[in-house]
Amino acid sequence: MRCGPLCRFLWLWPYLSCVEAVPIRKVQDDTKTLIKTIVARINDISHTSVSSKQRVAGLDFIPGLQPVLSLSRMDQTLAIYQQILNSLHSRNVVQISNDLENLRDLLHLLASSKSCPLPRARGLETFESLGGVLEASLYSTEVVALSRLQAALQDMLRRLDLSPGC
């Protein structure tokens, strides 16, 4: 006799009935803790501070503060920063880039708890054409990116308390 899908489901039922969902408050607390950790890492390696409003010629592709941050906009912003940090090939920012990936996963959990359709955001579309700018000014790009990322993360931390929308 062949055991169909129903038999397999009945076999897994005791395990599935014991699994509990992670409380959304815990996910939100973990998100805030990870943001604070990333900000601390940036402080540890930060060379100098650049105002998020200050414009640096040739580095306009690095996002500044956003007026309204929904969960999808936060994910989009983090995707751009992750793409920039990965392109720097600096040992200083490898862990921060990994932390951004984990933070994006936590944002996706928050979005799914609110039934928000949050597709995986992509980075900059025209990023390949910026290779020359990055190679010519790796240090400046790192300083500006980390400074603006830090400001964006602190803003996200404040907005998470306000329960942002989709």
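Including glycine, each Cβ sits where the backbone N, Cα and C put it.
Between Cys166 and the candidates Cys18, Cys116, TrEMBL records the disulphide pairing with Cys116. Cβ neighbour density within 10 Å is lowest for Cys166 among the disulfide-bonded residues Cys116, Cys166.
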